[in-house]
Amino acid sequence: MNPDITRERENATFDVEKLTHILDGGIEKTKRRREIESLVISDPDFQSEDLNFLSRSERYDAAVKKSAQMILKLREYGISDPEEIYCYKSVFRGHHHEALVLHFIMFLPTLYTNCNKEQFKKWVPLAESLKALGTYAQTEMGHGTHLRGLETTATYDPATQEFVMNSPTITSIKWWPGGLGKTSNHAIVLAQLHTQGKCHGLQAFIVPLRSMNTHIPLPGVVVGDIGPKFGFDEVDNGYLKLENVRIPRDHMLMKYAKVEADGTYVKPPSAKLTYGTMVFIRSMIVGEAGHALAKSCTIAIRYSSVRHQSEIRPGEPEPQIMDYQTQQYKLFPLLATAYAYKFVGQYMNQVYHRITGDISQGDFSELPELHALSAGLKAFTTWTASAGIEVCRMACGGHGYSRCSALPDIYVNFVPTCTYEGENTVMMLQTARFLIKSYRQASAGHQLSGIVSYLNESERRLQPQSVSSRPTVVNVNDLASLVDVYKLRAARLVKLAAKSIQQELQKRVSQEDAWNNSAIDLVRASDAHCHYVVVKLFAAKLGEMGDTGIHSVLSTLALLYALQGIQQHSGDFLQTGLLSVPQLSQVSQRLKELLAQLRPNAVALVDAFDYRDEMLNSVLGRYDGNVYEHMFEWARRSPLNKTEVHESYHKYLKPLQAKL
Amino acid sequence: MNPDITRERENATFNVEKLTHILDGGIEKTKRRREIESLVISDPDFQSEDLNFLSRSERYDAAVKKSAQMILKLREHGISDPEEIYCYKSVFRGHHHEALGLHFVMFLPTLYTQCNKEQFKKWVPLAESLKIIGTYAQTEMGHGTHLRGLETTATYDPATQEFVLNSPTITSIKWWPGGLGKTSNHAIVLAQLHTQGKCHGLHAFIVPLRSMNTHIPLPGVVVGDIGPKFGFDEVDNGYLKLENVRIPRDYMLMKYAKVEADGTYVKPPSAKLTYGTMVFIRSMIVREAGRALAKSCTIAIRYSSVRHQSEIRPGEPEPQIMDYQTQQYKLFPLLATAYAYTFVGQYMNQVYHRITGDINQGDFSELPELHALSAGLKAFTTWTASEGIEVCRMACGGHGYSRCSALPDIYVNFVPTCTYEGENTVMMLQTARFLIKSYRQASAGHQLSGIVSYLNESEGRLQPQSVSTRPTVVNINDLASLVETYKLRAAKLVELAAKSIQLELQKRVSQEDAWNNSAIDLVRASDAHCHYVVVKLFAAKLGEIGDTGIHSVLSTLALLYALQGIQQHSGDFLQTGLLSVPQLSQVSQRLKELLAQLRPNAVALVDAFDYCDEMLNSVLGRYDGNVYEHMFEWARRSPLNKTEVHESYHKYLKPLQAKL
């Protein structure tokens with residue numbers, strides 16, 4: 001054990017193990033999680049070379065192998081609870097992705113929810129036994145966000161009672177679905193349904209892609225891998241071009257909408273049902289944002305405690321780099337953010353499950369709010385976390401750039417959350433739409449409930465006042481007071497955006513143009529709203545903490561989170577007259593004090609996340625702090641070191657020397 | 001040609017070709033640059049498969065091959081002017097790096113400047129004919145920024161007149177130098193010189209690493225590749241562990257310091273000489289920041305003009321995504337930044353060459369200021385450009401994540417500039433040290449000259465005043481007025497940082513602790529200083545432009561750059577009382593107008609950077625806008641598509657299906 005990191009742990013002022021229990025949701029859950037993690041870690045079948053040393057084809061190969069093994073192991077261990085499966089897979093994947101992921105999170109669930117009885121009986125057993133390996137093909141080369149723009153067609157032919165599937169243009173080629181390229185033999189394909197000469201919009205169809213015997217693509221199916229990406233090397237994101245592919249009528253998923261034998265189209269009863277899955281996936285992404293940032297902070301903070309560099313006081317030994325104020329200012333707010341997002345993720349998961357219960361009983365009332373909130377929070381957390389991972393990486397200096405730090409992998413595998421499952425700016429504008437609608441309702445005298453109830457007060461309390469005449473009641477040391485300030489900021493920025501739309505309308509442009517011409521303000525309002533929600537939930541979480549030591553250190557973190565947000569957006573708080581210039585100087589001063597206050601607990605706070613070395617897979621983030629020996633050992637395994645002299649010497653350099 | 005992008009070009013209000021001449025520094029230079037580019041592009045020897053399809057070993061192999069070819073080609077074409085070589089290499093490398101990079105930018109120049117006469121005669125011909133392939137080994141596993149902390153030792157043994165080189169600890173292993181792992185047979189090694197029982201600090205030694213015949217590492221030399229990284233896949237960044245390696249006395253570079261035969265150490269005359277190279281490299285990095293951002297904007301803006309998505313007005317066709325205000329707000333300020341950094345890079349290059357002339361005549365007076373400025377500007381521009389590349393990438397939606405967009409390559413190959421050649425935070429603090437020193441001189445009544453002369457006024461003009469009583473003379477439509485505002489912001493933030501140090505000193509802490517406890521404020525002051533310099537240089541550049549159309553569009557860009565900086569740092573401008581709340585609302589409004597105003601010229605402005613398709617190597621950034629067909633064509637070449645059925649199906653999936 002590195003003596004520096006031992007000393008850090010000795011200086012902690014709280015019980016790390018207890019905080020881990022809180023993060024897991026109880027001591028029993030921690031215990032069970034560790035059991036499951038040990039199953040993977042101690043399993044000799046899962047020992048493999050660092051994926052970074054393999055070619056892409058080898059990485060894909062390794063991912064398929066692991067996925068196949070895992071399915072058998074989960075059965076063997078009798079792990080079937082979704083939370084436990086998630087936990088098992090988290091260890092097993094590290095920062096990467098599994099080959100069959102879309103089969104389990106999209107193909108199977110869609111079959112469960114969208115098959116009618118006969119279809120269920122036919123397809124579910126095939127899919128559960130992996131005879132049918134499936135994926136979900138929605139996005140096209142030319143169409144992502146805007147579902148109505150998708151071009152793939154399914155035209156019903158009553159003569160044969162078949163649908164004829166086509167990709168009529170280059171832009172209509174299905175593009176991106178995971179597992180589509182090489183792995184899947186079936187796909188649920190979203191296509192525009194044409195029957196009896198009319199288009200009825202998007203419907204889902206089960207399309208066989210490859211022979212279930214030979215795995216060779218079927219006639220009319222042009223399928224393959226879309227090529228290397230920033231990350232996700234293990235995954236065969238694919239393309240799919242359909243050329244007059246015929247499928248039987250009952251390959252359309254018919255639980256809701258139907259096409260009858262003669263081609264008559266029967267409408268589905270309600271459209272709201274699809275909201276649920278989106279909300280679920282987005283709340284998962286918020287949790288992942290917390291995870292990714294927590295891992296990155298673990299690596300950067302542990303490394304900062306064992307890395308010594310330069311000097312603060314001349315003549316003294318080089319200090320740990322964590323002693324530099326600038327290093328603390330980079331890392332500690334991100335540590336606070338990681339905690340915040342973990343708590344927000346937990347909250348969203350709970351709300352989702354509660355509301356799912358309501359929905360099963362036919363109560364959709366809370367869905368729009370949750371839907372809007374999940375959109376904005378997905379964007380808010382993924383943007384911040386992505387930028388934060390890179391800050392952590394660069395805070396490790398040059399070594400962060402090595403794949404042995406694991407930080408490049410964490411970044412490239414997390415950052416697509418900013419563009420998938422709803423592009424972030426689009427998500428922000430979705431939340432803004434809900435906020436503006438709510439604001440208008442409040443202005444019209446309706447009493448709002450739920451998280452936007454603060455907009456009720458907007459007309460009454462938010463009259464513009466000059467900074468000087470306004471009583472400054474904000475206490476920058478009191479979290480409740482800061483939650484209130486964030487709330488007022490959100491209220492004012494929503495109002496500002498609404499006013500911007502109003503002004504545009506006065507120029508006699510259309511509603512839609514007015515919206516687009518105010519989009520910058522709308523995103524800003526959404527951002528402020530999400531920020532308020534996060535600060536509020538973090539503060540609320542503190543109320544649940546009984547242990548004094550933990551309550552104290554988390555309160556410091558929460559205060560740091562809130563004050564750093566104010567400092568970063570100081571313009572907003574000054575512009576809206578919520579804080580005065582002297583108060584902002586206090587905020588800066590207080591921030592520095594909080595950094596110093598957190599310094600002794602930094603390592604303990606990342607230890608509490610409890611990521612095993614095998615999960616972090618980072619030389620810099622090792623629990624024992626013995627960074628350098630292991631970096632050397634890792635480097636020596638680099639494929640370029642397999643031979644002392646690389647073949648290129650004989651091929652190019654020696655001949656070149658002869659010519660000069 | 002895609003009709004959308006043709007229409008964009010028709011709508012431009014200025015002459016693109018003329019702007020290209022300005023960027024190149026004259027019509028003749030544009031012509032010559034294009035000639036050189038054509039030499040590379042039309043050369044059949046340089047046609048190769050996309051590097052993204054190759055394994056790392058294959059990429060390294062390809063890079064060595066290209067480097068070897070290039071050396072012969074440059075001779076063949078008679079290209080010897082450094083600028084022209086740079087131009088040739090820029091095309092040839094794309095976004096990547098060459099295998100022999102450090103031989104040419106560090107090894108040879110160090111020999112030129114630090115060899116004495118006899119050494120020059122011996123080593124330079126060997127290095128120029130590439131009998132010796134060299135690199136520059138300074139950074140160690142445990143030591144980067146702080147040169148005095150380096151641990152490698154060179155101990156003089158008068159008995160044999162040799163130096164004995166050792167890596168005494170694991171942290172002392174040389175780590176990171178490019179070309180060290182497999183390519184080089186010699187290195188200039190920086191080591192602590194010990195002679196006659198005393199340590200004389202760092203000196204440079206030529207150390208043979210590999211046999212010049214067989215390329216096999218010599219006894220005592222443990223050398224290899226440090227393993228895969230975020231980018232730079234083509235480069236064999238290496239490690240070097242020296243175990244009692246003996247080299248003759250005259251392998252120490254002795255132009256300045258010397259060790260005589262009996263071991264007597266002779267001191268060098270001056271230490272300032274090494275400044276020059278650092279300043280040069282940093283000014284090159286600023287230029288690269290402009291280029292990386294210009295390339296990224298070219299890709300994102302061209303793609304935004306051909307990509308259609310969603311709807312602004314219901315029922316109308318999907319608009320070009322560049323019509324969304326949020327998209328403009330992401331991209332146009334970055335476009336303005338790319339122009340700004342390009343001009344700043346040109347300026348620094350000119351100043352460097354001017355000052356180099358002075359230095360050769362013994363005049364070092366301007367060096368400290370340029371040194372301080374280059375440090376801060378390197379950090380300021382690389383941070384912004386790195387973030388900006390990622391914004392461009394994500395502005396391309398999902399397709400930005402594909403390697404075919406080229407944006408992942410641009411990012412990973414540019415982002416290490418934030419941590420190499422001086423870690424950015426350290427660089428910011430270096431500039432801050434100069435600013436604080438200057439501030440104190442001004443406070444003591446000395447009259448400052450040069451770029452920091454604004455600190456002269458600080459005592460007189462910068463008394464805190466409340467917002468209401470201060471006359472607001474700023475005209476947000478006038479660039480000169482905005483330059484003035486940026487200047488005052490810098491002055492106030494330097495003053496604030498100086499005061500923070502003062503406050504700390506009053507707590508009776510040491511100077512050094514006071515400095516560290518104010519480091520956040522110091523970085524903020526440096527940042528404001530650099531921002532001022534960039535705005536000022538951009539404004540100054542406009543004065544040189546005669547063409548009305550070009551002057552007009554560049555003025556819009558410069559205004560956008562200045563106003564967006566104000567909006568992003570609105571807290572600073574409000575806090576320092578330089579702008580009022582109503583003025584900030586004007587800024588927001590004006591920004592939106594400027595975005596709309598730039599919209600028709602966006603494609604033309606990136607066209608003017610004149611990156612040919614072969615250099616961009618981006619499917620999304622193609623000049624002809626025919627994105628989708630080429631994306632499909634690129635994907636089909638993916639190595640995973642070499643076989644219809646991947647071997648993993650037979651190895652894992654089929655057996656799995658049999659077991660379930």
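Quick reminder: no glycine exception, Cβ is built from N, Cα and C everywhere.
Since the structure is predicted, the reported quantities are computational estimates derived from the model, not experimental observations.
Positions annotated as domain 'Acyl-CoA oxidase/dehydrogenase middle' by TrEMBL: B:136-245. Positions annotated as FAD binding site by TrEMBL: B:Thr139, B:Gly178. The annotation active site, proton acceptor is assigned in TrEMBL to B:Glu421. Here TrEMBL flags B:478-656 as domain 'Acyl-CoA oxidase C-terminal'.
Non-local contacts of B:Thr139 (FAD binding site) by the CB criterion (under 8 A, 6+ apart in sequence, same chain) comprise B:Lys174, B:Trp175, B:Trp176, B:Pro177. Note: B:Glu421 (active site, proton acceptor) has non-local neighbours B:Met278, B:Ile281, B:Arg282, B:Ile285, B:Lys378, i.e. same-chain residues 6+ apart with C-beta under 8 A of its own C-beta. The DSSP breakdown of the domain 'Acyl-CoA oxidase/dehydrogenase middle' (B:136-245) into helical (H, G, I), extended (E, B) and coil residues amounts to 6 helix, 51 strand, 53 coil. In the three-state DSSP classification, B:Glu421 (active site, proton acceptor) falls within coil. Residues near B:Gly178 (FAD binding site) in space but far in sequence (CB under 8 A, at least 6 apart, same chain), listed by position: B:His97, B:Gly101, B:Leu102, B:Thr135, B:Phe232, B:Val235, B:Asp236, B:Asn237, B:Gly238.
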